[in-house]
Structure formats: C-alpha cells, structure tokens
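Engineer: Following this message is one structure expressed as structure tokens.
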Amino acid sequence: MRSTLVTGLIAGLLSQQAAAHATFQALWVDGADYGSQCARVPPSNSPVTDVTSNAMRCNTGTSPVAKKCPVKAGSTVTVEMHQQANDRSCSSEAIGGAHYGPVLVYMSKVSDAASADGSSGWFKIFEDTWAKKPSSSSGDDDFWGVKDLNSCCGKMQVKIPSDIPAGDYLLRAEVIALHTAASAGGAQLYMTCYQISVTGGGSATPATVSFPGAYKSSDPGILVDIHSAMSTYVAPGPAVYSGGSSKKAGSGCVGCESTCKVGSGPTGTASAVPVASTSAAAGGGGGGGSGGCSVAKYQQCGGTGYTGCTSCASGSTCSAVSPPYYSQCV
C-alpha cells in the first residue's frame, strides 16, 4: 500500500513537472500573426540542461522549416510561448510550475535562414530579467521575465535593431527557468529559433558569441538559488546590443503583448523556400526525400494551425499524435 502511494506521488510530481514545460512556438510581426510558419518548433516541450551541447543553438531535435517571416529593421516582433503545442489560449500560464527566470532574445546573421545550423555568431537584442520586489523574502517573490510572459498570455515584444544589415537571420527566443538552479546542471533552458528575412537596416556589425560557449554552468545567472533572498541578478551571456532593448521585470504588458489576440487581427504570410532535408540543430533527425522540403523524424508535420512542411524524411511518415492538434514524423 505504501509502495503504491509513493509511486502515485512520484508519478503525480513528474506529470506536474512535465506540464510546466513549454516552447516558444508563434511569432507576431508588427502586430500581424504569423503563427508557427517560420518557427523551428521543438518536438518536445522539455528543456535543455547541458549548456555545452549544440542543442543550445535552437533546441533538441529541431530542423529548418519551409518558410521565412519578413521583418523590417527597426520594427517589433513578438515571440509567443505556451506549454503545449498549438495551444495558444490564455487559460494556462505560458510556463507554469514557478519556473521563474529571465527571457532573452538573440539574433544570428546567416546566408540562408532555411538551412543555417546556428553555428554562426549570436548577438543579444533583448532581455527581461529580474527586479527586486519591495519587502520580498526570496527570489521567488521578486519580479521576473517569466512572470511578465505569464501575465501577457505568453507574449514578449522585442525590437529588431534598426541598424543591422538586411538579409536572413535566425531569431532565438529563450527562457531560463531557475527553480532548480541552486545546483550545477539544474537550470532549465527553453529556446526556439525563428527564420526571418530582414529588409532595410544599415551596416552595423554587432559583436557576437557562440552557442555553445556563451554560457557556463557556473555563471551566476545559471547557478543561482532563487529560493533565498536576492540582491542582484545578472543574466548570462553578453550585454544587450546597443541597438536592441530591455524590459524591466514587473513593468506590465505593452504593445502587442496586450493587444494582439489570436483570430481577431491581421495575419501574415511567410515566404516559402526550399528546405534542405538535413537537420540544422544538434539532436535533429536526418535523411530526407528528394526535392522540396522534408521534415526530420520526430518533428511536427501537421496539426491545427500548422503551415510548414508536411513531407517526412525517408524512413518516417506523418502521423497524428494528438489529433487534430499535432502530427509528427515517426
């Protein structure tokens, strides 16, 4: 009886923990909803915990998608996170389970966003991190980027620098959950790369860092006890590029974060491009059929609102995993 009870408790905790995981999966450009058209949505909502792995680039098991979202230099994009694939409702927190931590956004200039593997240099264009809440007794009680994300239905508005050159970029949105970060390897990182094509702009050349390499497991923004009182917090990685922006944690929803509603505003159409059949990020599947695009094994290939490639790489087929919401290559 006791064994059954313990097993049940463990199962319940694991289920609750899994439910608290999340993915960035949709993109808005100047208030227009592009959904997941240009997002390399991870096949799982589980986090990356090894900051030395290639999965730090665009998450585990991700591959290029068939489209790129057009973005004007100096405009705003809004990244959107939710716990479950294709669930864009506001009924649940974007990432629950007291997964408090910063929200960071990077860009990487690439020759072709539909084939880039994330190995090029990255520069940080945005952060919403931490702010002390008066009279708080622990970091859990303070203001965090994740709390802002949860308050704004998973949305975070980000300015694209106006002085960067035109061309293709990977846009990398990231949450670092710090609820178990008091020990090495405990931080949970959730990231998604979006494929975008920037028009306009200038000739600036921001300094860059590499993933992996930009973070260390011992960084004070990675190894930290948020359950104790905090007097400061410094996010890992480089400073925000001068042409980027920051948001003060706890400052409330702004712009598209509060006004953009799924199904009640303008929508955008991303440009279709041929996609290589090989995986772009470490951990992704390989293989592929001939011509056009193909989706790597275990990647999304269909479902409600999905507009990406529907052909699976050689050796796998597109199957409904959670019909009608989600299908993946298996």
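Counting begins at 1 with the first residue displayed.
Just so you know, glycine gets a Cβ as well, placed from its N, Cα and C.
Keep in mind that this is a model prediction, so the values were computed, not measured.
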Engineer: Name the residue, out of TYR34, TYR169, TYR190, TYR194, that Swiss-Prot lists for the same Cu(2+) site as HIS21, HIS99, please.
Structural biologist: TYR190
Engineer: Quick one: Swiss-Prot says CYS58 makes a disulfide with which of CYS152, CYS153, CYS193?
Structural biologist: CYS193
Engineer: Around the Cu(2+) site (HIS21, HIS99, TYR190), what further same-chain residues have their C-beta within 8 angstroms of the site's C-beta centre?
Structural biologist: ALA20, ALA22, ASN45, PRO47, GLN83, ILE95, GLY97, VAL175, ALA177, GLN188
Engineer: Are there binding-site residues among HIS21, HIS99, GLN188, TYR190 that sit within 10 Å of CYS58 (disulfide bond), Cα to Cα? If so, list them; otherwise say none.
Structural biologist: TYR190
Engineer: Write down the Cα-Cα distance for HIS179 (O2 binding site) and TYR190 (Cu(2+) binding site), rounded and given in Å.
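Structural biologist: Spelling it out, the Cα of TYR190 (Cu(2+) binding site) and the Cα of HIS179 (O2 binding site) are 13 Å apart.
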Engineer: Out of HIS179, GLN188, CYS193, the recorded positions in the record, which is closest to HIS21 (Cu(2+) binding site) when you go by Cα distance?
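Structural biologist: Going through HIS179, GLN188, CYS193 one by one, the Cα closest to that of HIS21 (Cu(2+) binding site) is GLN188.
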Engineer: Whole-number Å distance between the CA of HIS99 (Cu(2+) binding site) and the CA of CYS193 (disulfide bond)?
Structural biologist: 21
